[in-house]
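J.: Take a look at this one; I'll ask things after.
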Amino acid sequence: LVFCSQGEWVWVDSDIGVPIGARVKETPSGRRFLVNDEGKLEASVKIMHPTSVEGVDDMIKLGDMTEAGILRNLLLRHKQGLIYTYIGSVLVAVNPYQDYPMYSGDQVKLYQGRKLGELPPHIFAIAESCYTNMMRHHKNQCCIISGESGAGKTESTKLILQYFAAVSGGLSKQEIEHQILESNPILEAFGNAKTIRNDNSSRFGKYLEIFFNKDGVIEGARVEQYLLEKSRVCHQASEERNYHMLYCMLAGITAEEKRTLSLGDAKEYTFLSKGNCIVCDGRDDAKDYQRVLSAMKTLTFSESQCQEILKLLATILHLGNICFEGESLKDGVCSLQVNKSSLGTSLTHRSFRTNRESVTKPLSSEQASDCRDAFVKAIYNKLFIWIVGKINSIIYQRLIKNPKTSFLSIGLLDIFGFENFISNSFEQLCINFANEKLQQFFVGHIFKLEQKEYLKEDIVWKNIKFSDNQNILDLLAGKPCNLLALIDEESHFPKGSDVTMLNKMNKQHKKNKTYIASRSEHDTYFGIHHFAGVVYYDSKGFLEKNRDGISSDIIKMVEMSKNKLLRQIFENELSTNGLKVTNNKKAQGDNRKQVPTLSGQFRQSLDSLMKTLSACHPFFIRCFKPNNDKRSEVFDRELCMRQLRYSGMMDTIRIRRLGYPIRHTFAEFLKRYRVLLKTTDCNPKIVSLSNILTRYLYFNSSMTFGYFLLQVRGYRVRKDWKQKRGAVILLQAHTRGMLDRRVYILKRSITPEPEEEIIPLKSEPVEEIIPPVSISTTPSQSEEDDDEFDDETEEFSFYKFSILHFQGSATHTHISKRLQQSLLHHDDEGDAVACVSVNWIILRYMADLPEPKSADATSLASSTISRNVPNRRGRRLSNLGVLIGEGPRLQRPLTPVEKLNIIIGYALSRPNIRDEIYCQICKQLVRNNNRNSRMLGWTLLSICLGMFPPTDLFMKYLENFVRKGPNGYGTYCTERLRRINANGERKELPCWEELKAAKSKEPIEVSVTLMDDRTISLNIDSASTSAEVCQALATKIDLRDTYGFSLYISLYDKMWSLGSCGNHVLDAVSQCEQEMTRQGKQEKDTPWKLSIRKELFRPWHDCSKDSISTDLIYRQVIKGIKSGDYTSEKEDEYVHMAAQHYYIQFGSAFNKDNVQKVVDECIATQLIESKSMSKWIQLISTAVLQVKSIQSNKRTELVDNAQQKWPLFFSKFYDVTMTSGPPLPKSRFFVAVNWSGVLFMDGRDKKLLDLPYIEIKEVQKMRHGELSDLTMDTVRGEFVLASEEAADMAALIDEHLEGLRQYSVYAMAKQDVSKPEDSTFLVFKRGDLLLVERDEHSTNDSWVRATNQRTSNSGTVDKDTVKFLPTLSSFTWFSLWFRREKNKEHSRMNQKNVHNVPFSPCHRLAGKDGSRPGPARGFGREKLWIHSREPLKQPLMKSLANNSELSSRACNYMGDYPIKHARSPMELTDQIFGPATQHEVLQDEIYCQIMRQMTGNQSRISLDRGWQLMWLITGLFPPSPGLMGHAQRFLETRPRNQLSNGCLQRLLDPRKCPPHMVEVDAIQQNSAQIFHKIHFPNDSDDVTSLDEELYFFDSLRQTSDPPKKAKKVKEGNTNIPYLVIIRRKLWFNVTPGRDLVADLTFHFPQEMPKYLRGYHNCSREDMITLGGLLFRVEVDSDRSQFVMIPRMLRQLVPADQIKSMSPEEWKKSGITVQEAKIAFLKAISTWPTFGCAFFEVKQSCEPSYPSTFLIAISKQGVSFIDPQTKELLVMHKFKNISEYYSKGSRFQMTVGTVMKNDFICETSQVRARLLISVLAKYFWEKKPIHIIL
C-alpha cells in the first residue's frame, strides 16, 4: 500500500508507455482522488521524487532517473517558458514555436566567460564552453546538433554561429564573420524546403567548421554538405514545396528578367505544383530573393554568375513542363544553350555500344520522363555542390595559404535526425545509417564522461559496461556482405534490379536478429532494428538512386552546350566521358566501374566526418519539437517520448543508473537526512561526514564517498535486486527438490527412463547453480585428486575471477550442458551470441556433449565441406567472423580440426571474446571427473595459448591457472602463454605441424636453407617470429653481420619475404597449407620451405667485417643471376660477374671447360638460348684473361658490384599512397628503400623519383586513428605518404640517415666562426663545406679536425657548429644539396676593388666562372655581372629561369637598348617595378639587372638613369637578405654619386605600388626631395579618403589611378587631374568660436556645402537667418549687391527650399565676413546633424525606407534620414553595429551581435570608399584632422 496526503505528487501509469505525473486531491467530504497532469482522474500510484515535482534545470539531479522523470521535467519547463534544459553536459532544446527575447547582445555578454552550469541552461552556454575549451586546451571542438525535422536544428546552428561571430567580432576588424553568416541564407534557399513537419526543413546535412587563430578571432570557415534530397526537385508530397529558391526566383525577379528567361508564375510549372502548395505562410519569397542576392554579393558572386544560376533554375522549371507525346520543346529550354533537336534526341533516345557499333534505341514516354528527371536532379545537385564550393572558396580562402595546424576549429554539425515514415526509401536508409554512427559516438562519449566523473571522485567503478549499436553498424556497413555493400554490388551489375538485390539481402542476413527479411517473394519491404526502433524500407528504386547516374547521351549534349556554368558543374562527367570516347572498350569498362555510387560517396563522407568528430572534443544539443502542429503552448507527450528514444537520451539514463544516479553534496545530504541522527554533533567542519554516517546512519556498499559528492545507489535499485534474488532462491529450492525426486524414482525403477526425460529444466539459473546429475549407463572415469583451482585464499585464483566477473549465477566449475548466456558481459550483441555458439563447440571438442545427429547430417556435412573447406583462410577469417547463431554449418558432425578452427577462428575474428573462450575452457577443466575430457581440454588450452593472448584483465588469473596443469601441461602452457604475450597474437589458424606438436608437447623442428645449399635445423613454437629464427640461425652459423638478412618462405615457384621482424613464421606456413587445400590436397603434404637471404644493405656495408655474410651474399647473387631474379640491361655486367665468379672458383688458371661450368652456373637459361653457349664462353673467357692478373678479394668485389649496380634488387618495398607533395604521375606507387636512397616506383621497372639520402632532410611518422602517415621533407619538397607500414619505413630511412651522418666525413658549417685567438681553430663561414678527419681513437667527442674546402685551411672545429651530411661519397654527390643550401647564404665577391666593387652575387652559377655561353658566332662567354647593350636572353636569377618577362626592362629605361616605340619614363618604371611590387621573387632580379647595367658602364647618360632607377627601387622594396649585403656594398663603394647615400637610407619596408608620377618627375630633375601641393577644403563632394595605413604615394596611386577596364588600358596613362585636400573627418568636441583658424579653414568650408545641398532639417526662420549670413560672406558690405539676391539663391538657401523663399525676407546685419562665418557655424552647431558626413544612397532591402535616402555619420552613431522630410528614420549607435564593409559601389552594415539585421545599399564607388573610411575612423580613431582626396 502507498499512503499519500493531500497535495502530494505521485506517478501514475498512462497509455503512452511511461508514467505521468498526478497530484492527490481531497473533496470536502474527505474523499481523496488523483488528478494527472492533463486533468484526468487516475487510480494506481507510485510516489514521485521531490525533484520531479518542481523540475530541475539539470536532469542529472532528478531523483526519478527514468523516461517518465525526464519527460515530465521537460513538460514542466515548457509550461514555464524554459526551453533549455541540461542532462549533464548535453543540452536539450525544445522548439518554442515563438520568438523569445533571450539572444541579445546583453545575453552574449552574460554568458561570455562563464562555466557551464553557472547560469541557467542556454545555447550560449554550450557555445561559450566550446569556445573556452578550444582556447584553454588548444584542442578542436565540435557541437553535434540533432533532432527531427522542425525541432530547431538550423536555428540552433545559426545562434551558435552568431555567438561565435559576436565574440570574435569584438576582436576582429575583418569581414569574414559576416561572410560566414551570409552563407546561411544562400544554403537555406537552395537546400531547404517546406515539408509537412517544417516550413524551413533542411534537406541536406551540413558540417560547418569555423577556424580561429591563436587570439580567438575567426579566420575562416568551411562547409561540408551531405546527401541533398535530389528527388524533391521532381516530386513533392502533398502540402510540401520544392526548394525555396525556385519560388523566390519567380517572386523576386523583374518583369524584364522573366521575359528573358521565359518564366511565368509558380503555378504554371509541374515541378512546383505537385505538392499543391505554392505559398508558404510566414515566408515572403520576394524579400527572401533580395536577401539571397545580397548574400551572394557579399560572397563575391559576380552578376554573370547569378544570371547563370537563374538560367539553370529556369531550365529546370521548363524541363519539368515537357511532355513526351510529340509536343515540341518550349523556347525557355534554350537556357541550356544547346540545339533543340539535340536536347530532344538525348531525352528520348538511349545510345549504347555493342561489340562493333553504336546503337540508338528510342525510349518510351515513361522512360523519357525518368531520363528527364535524372537530368534535372543532376543539374540541381551539382549546382548546389558548386554553390557550396564557391562559398568555401571565399570563407576558406585565407586559410589555404597557411597550414591547417596553425588554426583551431569548432565544428557545427546540423544533420538530419532519425527518420521513420510510412514509406522509407534509400535516402532514409542513408540518413539512419548516419544517425547510428552518431548515436554510437554519443553513447561512447557520455560513458567516458561518467568514467571521468568517478575517477575525479576517486570512486571504484569497474564492472559497469554499456551496450552500443555496433551490431547494427556491422549489418549496414561493417562486416563483409553488409547491406550497403550488397546494394553497391548489385548496382554494378547491368541486369541488377531491386528484386535481385532484396533476394541477396534476405539470403545473406535472414538469420541476423537485427535484420527483418521480406515476408514473401513479392514483398518489397525489409526491416532493420535500429537503436530507435524498427524501420521498414521499401526497396523500390534503391538501385536507381544508388547508381546516381545519367545517360551518356545527356553528357554528350551537355558537352555541346555553350552554357559555361552547365559545363562547369558537369566538369568531372565531361572529363570522364572524354576518356571513354578515346579509350578502347576495355578501358571504357574500367571507367564505368570507377564511377562511385551514392552510398559509397556518402559512406566516404561520413567516415571522414566521424574521423573529424573523433579528433574533437564534442558537445551535444538534442533538439525536440513539442508538437507537430507548430503551436507554441502544446506539449505532445507521446511525440516527445518518441523523440527521447530516438535521440539516445535513454542510453544516457541507463549509463547513469548503472552507476550512482543519486548524488548529493555533503551539505545537501546532511541537510536532508540530519533528522535521522541521534546526536547534534554533526558539524562537518568539526567532525568528518564519513564518521557521522558510519556511526549514526545505515551505511553499506551501496553508498560511496567522493571528494565532492556523496553518490548513493537508489533505494529502488536495491529493492529490485532483493526481489530478483529471492525469486532465484525460491526457484532453486523447488528445482533441487524436483531433481532429487527424479533421481530417487530412477534408482528404484526397474526400467530407467529415457535420458531426455530426466534432464533438468533448461532455465539458466538451474544449469549454472545446480551441479549436473550424471545418468550415463557407461562406467565413469576414475576420479582424480581434488582440484587445486578452488583455493579462495589465492589472490589470482580462477574461482575469485568468477566471483568478480561472471554474469548471473555462473560458477567456475565444469558443466555438461550448454550455456544460455556468456560468462562475461559483452557490449556487442554479436559477441554475446558468438560466445554461446563457441561454448557449444568447446563442449563438443572436449566430448562433454555428443555430436549432433540428424537425418540429413551426412549430406549436409558433405555439401558444407565441399563448399567451405577448400578455402581454408576464407572460412577462418571471413565466414567464421560472421558466424552468429547456430546455422547448418555447425549443426552437423565436425572433425576435431574443424572444431578447433571454429573456436580459434572466433577468437581471431572477435578479439573481445578471447577472455570468454579462455574462461569457458578453464571452467570445463575445474572439477571435471572425465579424464579424457580433461586431456582434450588441456590440449585445446595449450593450442589457444599459442594463438592469442588474454587481456590484461585475465592475464594473471590465467597464469596462475595454467601453472597447475597436470602431466607436464603446467610448464608447457606457462611458457606458451609467456611467448604469445611477448610476441603478440597470430593472424592465421594453426597449421598442421603445430597441431601435431601440441599432442606431444614438443617444439617444432624446421629446416632453413642457406644460399650455399646447407640446411640448418631449428626448433620453433607457435609464437616464433622471423626475427627470432634469423637470430637463432645466425648464432648457429656464426653470422655476425646479420643486418638485412631476412627469412623467406617458398611454395613451389613462389617465394616471399617474412622479414626479420615480428611476423609469425607459422602464419606463413598456414597460408601455404591454405593454398594446398584450395587445390584439393592434404595440408600435411604442403611442400613449404624456409630460407634466409640478404634483403637489404646498409649504406656503409663493409664486406671485410664478416666473411660468412659475404660468402652467403656472393652465392645468393650467383643463384639470382642464374634464376633470373637479378637482371640487367647491360650484357657486360653479366660477363663481368661471371669472370669474377670464375676467379673465385678456379683461381687465375684459365680452362675452357671451367668457363663452360661458369656459364652453366651464372648465366640464365633464357640468355643462353638467346645467345649461343659458345658466344657466352667466348665473352667470359676474354674477361677472365683480362682480370686474372689483378690480385684482389674477388668475392668481396663481386658483392660490392652487386650492391652498387643493383640497388633495386636489394630493397625493401612498401605500398604507399601519396596524400600531398610535389606532383608525380601517380599517387599510388611503391617506395623502395635501399642503401642508395629512396625510390618511388611504378611497378618494379618504372622509376618515378629517385631521392638520395643527401636530399632527405627529415622523416617523421604521424598516426591518424588506424592510419599512419610518413612525412618526408626533401630538397624537392615535402612528401606525405600513407601506408600500413609507415612506422617501419620511417624507422628504416631514419636509421640510414643517422648512420650516414655518423660515418660521414662531410659537414656544412651552421654558423660563422671568425678568426679566434688560438690559431689551431679553423675559420669558416656559414655554408662552407668542411672535410672532417675522423679519429676513432680520439677521446674528445666535442671537437674534430677539419679542412675548409673553400679556403683549404685546416683546424679544430666544434661539432656543435657544423652539420654532418648524410653521404659517404665524394663532392659530386654533395654538389646538388650544397647548391640548394647555399643559395640563401651571402655570396663571396669574385673581384676586390676598394673604390668600385663590381656586382657579382653568386645567385646564378650558369658556368663554373659565373658566366654562360655567348652567341654561336664565337664571341666567347657572356659575363653576367658587367654592363651589356644586348638584351638578356634569360633572367639572371635561377629562381626565374622559366620566367623571362622582365629580363630586358631595366636596360630599356637606361637607353642601353633601342625600343621601337617611344615610351614615357612613367610607362617604363611601371613596367619595371609594377610586377615586382606584386611578386617578391622578381625584386632581387630587378636589383641585379640595375647593378649589372651600372657595372662597367661607360655611358654617362645611361649611368645617370641607372642611379635614378636605383633611387626609385630602394624606396620601393629592399633586396632579400641574401642580396642585401651585396647591394649595400655596391652603394658604399660608389660614394661620389650624390644619390648613393640617399639610396642606402631608403632601404626600408616594401611598398605596394610602383613609383608615383611625382616621384619619377622629381628624380628626373636629380632631386631627392619631393614636393606635393596640399589644398584646404572646398565645396567639392567628389572626394575619397586615402588609406592611412599605406605609404602616401601608394595610397595616392590606388586612389587616383584609373580603374582597370575589361580592355587593356595603355600603360602609364596616369595623368588624371586630382587634388590632395586636408579636411576634418572626426567631429569630436567642436565648438565654433573656440579655434578661429580651424573654424575658418576647415569647419565653415566643409559645413556650408552640406547645408546648401539640403542635408539638414531646419526651419524657415533658420533658413532666413542663415541666408543673410551667407549673403554677407559672399558680398561683404557691398550693399549694391542686394539686387543680386534672386540670382544668388543657390548660394544662400538649401537646394530643395529655393522655391519657397523670397528676396524680401532676408535680414540685414552689419557684421564682417569672418563674423558671419562664425555666426553661421554657431547657428548650425545646435542641430543634431552638425558635423555629420552625409552620403546619398539607394536601397531595396528595407521596404519601409524610401529607395533613396541619406546616411549621416556623426559621433553619436549612424543615422538614416529621409531626404524629402529630413526626418530621422533610425539611429544606430556604434556599440550596436557589429560589422560593416564596402565592395565596389556597395555598402553593407550589420546591426546587432546575435540576432543580426543586415542593411545593404549602393552609392558611387568613390563615396562608398569614403563612407567606410569615415565609419572606421569613428570606430577606431580620435584624431580630428585627416587627409582626404
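From the backbone N, Cα and C atoms, a Cβ is placed for every residue, glycine too.
Unlike curated records, TrEMBL annotations are generated automatically.
Grabbed the feature section from TrEMBL, which reads as follows:
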DOMAIN    54-725  domain 'Myosin motor'
BINDING   Gly147, Glu148, Ser149, Gly150, Ala151, Gly152, Lys153, Thr154  ATP binding site
REGION    606-628  region 'Actin-binding'
DOMAIN    814-999  domain 'MyTH4'
DOMAIN    1004-1304  domain 'FERM'
DOMAIN    1302-1367  domain 'SH3'
REGION    1394-1414  region 'Disordered'
DOMAIN    1427-1564  domain 'MyTH4'
J.: Which ones in the same chain are close to Gly152 (ATP binding site), with CB under 8 Å and 6+ residues apart in sequence?
T.: Ala93, Asn95, Cys623, Lys625
J.: Taking all residues of the region 'Actin-binding' (606-628) together, what is their mean pLDDT?
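T.: The average pLDDT of the model in the region 'Actin-binding' (606-628) works out to 89.
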J.: Within 8 Å of the centroid of the Cβ atoms of Gly147, Glu148, Ser149, Gly150, Ala151, Gly152, Lys153, Thr154, which other residues of that chain place their own Cβ, given that this set defines the recorded ATP site?
T.: Asn95, Asn198, Ser201, Gly417, Cys623, Lys625
J.: Would you say the domain 'SH3' (1302-1367) and the domain 'MyTH4' (814-999) are in contact under the rule of three or more C-beta pairs closer than 8 Å, pairs 6 or more apart in sequence?
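T.: Between the domain 'MyTH4' (814-999) and the domain 'SH3' (1302-1367), contact is absent.
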J.: Give me the long-range Cβ neighbours of Thr154 (ATP binding site): same chain, 6+ apart, Cβ under 8 Å, in sequence order.
T.: Glu188, Asn192, Asn200, Ser202, Asp414
J.: Tell me the Cβ neighbour count for Ala151 (ATP binding site), meaning other Cβ atoms within 10 Å of its Cβ, over all protein chains shown.
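T.: Looking across every protein chain shown, the total is 24.
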J.: Give me the DSSP three-state residue breakdown of the region 'Actin-binding' (606-628), ordered helix, strand, coil.
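T.: In the region 'Actin-binding' (606-628), the DSSP-based counts are 9 helix, 8 strand, 6 coil.
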J.: For Lys153 (ATP binding site), just count the other CB atoms lying within 10 A of its CB, please.
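T.: If we count other Cβ atoms within 10 Å of Lys153 (ATP binding site), we arrive at 27.
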J.: Given a separation of at least six residues and a C-beta threshold under 8 Å, show me what packs close to Ser149 (ATP binding site) in the same chain.
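T.: Correct list: Thr195, Arg197, Asn198, Ser201, Ser202, Phe416, Gly417, Glu419.
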J.: Determine how many residues of the domain 'SH3' (1302-1367) DSSP places in helix, in strand and in coil.
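T.: The breakdown for the domain 'SH3' (1302-1367) reads 5 helix, 26 strand, 35 coil.
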J.: Can you tell me how many other Cβ atoms are located within 10 Å of the Cβ belonging to Gly150 (ATP binding site)?
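T.: Its Cβ shell of radius 10 Å holds 22 other Cβ atoms.
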J.: So for Gly147 (ATP binding site), how many other CB atoms are inside 10 Å of its CB?
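T.: Counting Cβ neighbours of Gly147 (ATP binding site) within 10 Å gives 26.
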